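Colleague: The domain 'Glutamyl/glutaminyl-tRNA synthetase class Ib catalytic' annotation in TrEMBL covers 27-336. As annotated by TrEMBL, motif ''HIGH' region' applies to 33-43. If you look up TrEMBL, you'll see 34-36, 40-46, THR230, 260-261, 268-270 marked as ATP binding site. The L-glutamine binding site annotation in TrEMBL covers ASP66, TYR211. The domain 'Glutamyl/glutaminyl-tRNA synthetase class Ib anti-codon binding' annotation in TrEMBL covers 339-439. Look at TrEMBL and you will find 456-530 tagged as domain 'tRNA synthetases class I (E and Q) anti-codon binding'.
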Amino acid sequence: MTSESKPAHFLQNIIREDLAEGRVSKLATRFPPEPNGYLHIGHAKSICLNFGLAQEFDGTCNLRFDDTNPAKEEEEYVDAIKRDVSWLGFEWNGEARYTSDYFDQLHEWALYLIREGKAYVCHLSPEDARHYRGTLTEPGRNSPYRDRSVEENLALFEQMKNGEMAEGECSLRAKIDMAAPNINLRDPIIYRIKKMAHHQTGDKWCIYPSYDFAHGQSDALEGISHSICTLEFEDHKPLYDWFIGNLPVPARPRQYEFARLHLNYTVVSKRKLKQLVDEKHVDGWDDPRMPTLSGQRRRGVPPRAIRNFCEMIGVTRSDSVVDVGMLEYCIRDELDKNAPRAMCVMEPLKVTLSNYPEGREETLSAPGHPVRDDLPARELPFTRTLYIEREDFREEANKKYKRLVLGKKVRLRNAYVIQAEEVVKNDAGEIVEVICSVDLDTLGKDPADGVKPKGVIHWVSAEKNVDCEVRLYDRLFSDPAPDSGDKNFLDFVNPDNLKILQGCKAEIGLARAEPEQSYQFERNGYFCRDSRYGTAEKPVFNRTIGLRDSWAKEQNK
Ligand code: ATP
Ligand code: MG
């Protein structure tokens, strides 16, 4: 669905009015991630919203790293976030920005508040400060340090800045109202001591602004017109407005909130995703099982599927849980339209065509896609020995089984009709080979005797193919709400979330498959070559998603 065919959401309406009535001359939004982890599917909602609005209303969208906490942040995350935003298909306005670019200005503004008598250095221990803060039902009490003189505060803050105080010894607090019903207004900390190098500013600072002191002012400095954030920041808005109202800022951004994306069978919290990585439940942030954008990319999810999904779920102010089946639907839909077709046998069973000459090889042609003529046709070598799927052959079967049965016919996809004549078994009684006859007068037509085979199965030449490993992923969690209530999400990691198959045989053209290029392995699902594992001789293919929703079936049982 495009934005034209869908009713406008509340933010589109607000922006349209602001522009029409001249309150805002140009829309300016931003996406402000904290570089403390990789972006996940929840962030995609915010990215598509902020960048999408800028595109729709001919405005700009900045990428700004909200990097006020050096303890948890890393350059690796900065790079990954940039890669992921670009991959989703968006371009930020100018260079990427950093809240740390504004540390000098924020420090100036802290001094400004002190001089105005609106900030003070407080020596309460974190524990005492908690007691003084009060609760939701009880007002707080004034800190005994609240009435320090401007001179004393300036001198103490200077000492904090110069590293003359220990971490936790004191902090700078805004002087607002300890009895305010909104706890965020009870003299919040605006600067704290952290003797720690920062990934952008190095050793320059040992005091860092709080997120709340930095966020709104950064928006003002960048001339952001609409500061769009998630609902949990609604309670912080009065504080942001207080800072904006009490500081000589160059602009007054307005904040609007929308509901976060929650997906069932998924966790979207960087902290929890980091735990999965650190405790090795997965193999890194970009593990194809992860709901991170880099994990989804490596798994073969096209960026457009994610954009379509974000469009489909819409933007509201009410919290709800979205069925992950919707995301899967968008992925299948996109892949079905665009993924070239190919054949790959997962568990090979050898077939020998007794009436096909040894050493002969012909090249059959198969369409790249059932309807997309722009996708090139494939060349399939056809030889005396082939592989079919082990589960596609039975010695005996009832009529429901429309595959190869001893004494019966089946069509090889894009090729001839064969008939199973004889079974070869090993000492253990397992079938190791099926001897078949091939009817060479059946390419693109029914057999001359009019007996039409009931089934079509996929195959590859046993003489010319790509030996590969295939990784079958399933949902990372087996519970629809793995982190709800007081559940520990780690208890619900799906034990069958990865199955690795070796010795799979793919059609020869897949030797040239590139990572992120998706294929439909006919009758099997959508796959792409892994970007990390495998070699030129033996690639690894990741299953992006099956052809059908097996979970819906499971639930309807
Ligand atoms: P997390 O809880 O995963 O740590 P966060 O909100 O702390 O998420 P940020 O890096 O601060 O992560 O997020 C950057 C932006 O992405 C913020 O504006 C935030 O509101 C938005 N965002 C994060 N998670 C979601 C989500 N699940 N749905 C929609 N927007 C989200
Ligand atoms: Mg955050």
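Using the three backbone atoms N, Cα and C, a Cβ is placed for every residue, glycine included.
Help me see these features in their spatial surroundings.
Modeller: Remote same-chain residues near the motif ''HIGH' region' (33-43) are listed as 65-69, 72-75, 77-78, 80-81, 84-85, 199, 211, 260-263, 266, 268, 270-271, 273-274, 285-286, 290-296, 306, 327 (criterion: CB distance under 8 Å, separation of at least six residues from the stretch ends).
Residues within less than 8 Å, Cβ to Cβ, of HIS43 (ATP binding site) and separated from it by at least 6 positions along the same chain comprise PHE31, PRO33, LEU293.
Neighbour density for TYR211 (L-glutamine binding site): within 10 A of its CB lie 13 other CB atoms from the protein chains shown.
The average per-residue pLDDT of the prediction over the domain 'Glutamyl/glutaminyl-tRNA synthetase class Ib anti-codon binding' (339-439) is 97, rounded to a whole number.
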Colleague: Just to verify: the residue among GLU34, ASP66 with the fewest other Cβ atoms within 10 Å, which of the binding-site residues is it?
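Modeller: Result for the binding-site residues GLU34, ASP66: minimum number of other Cβ atoms within 10 Å at GLU34.
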Colleague: With respect to ligand 1, which members of the binding-site residues ASN36, ILE41, TYR211, SER269 satisfy a Cβ distance under 6 angstroms to one of its atoms?
Modeller: SER269
Colleague: Let me know how many other Cβ atoms fall within 10 Å of the Cβ of ILE41 (ATP binding site).
Modeller: 23
Colleague: So which of GLU34, ASN36, HIS43, LYS45, ASP66, THR230, listed as binding-site residues, have a Cβ under 6 Å from an atom of ligand 2?
Modeller: GLU34
Colleague: Out of GLU34, ASN36, ILE41, LYS45, point to the one nearest TYR211 (L-glutamine binding site) in space (Cα versus Cα); all of them are binding-site residues in the record.
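Modeller: Going through GLU34, ASN36, ILE41, LYS45 one by one, the closest to TYR211 (L-glutamine binding site) is GLU34.
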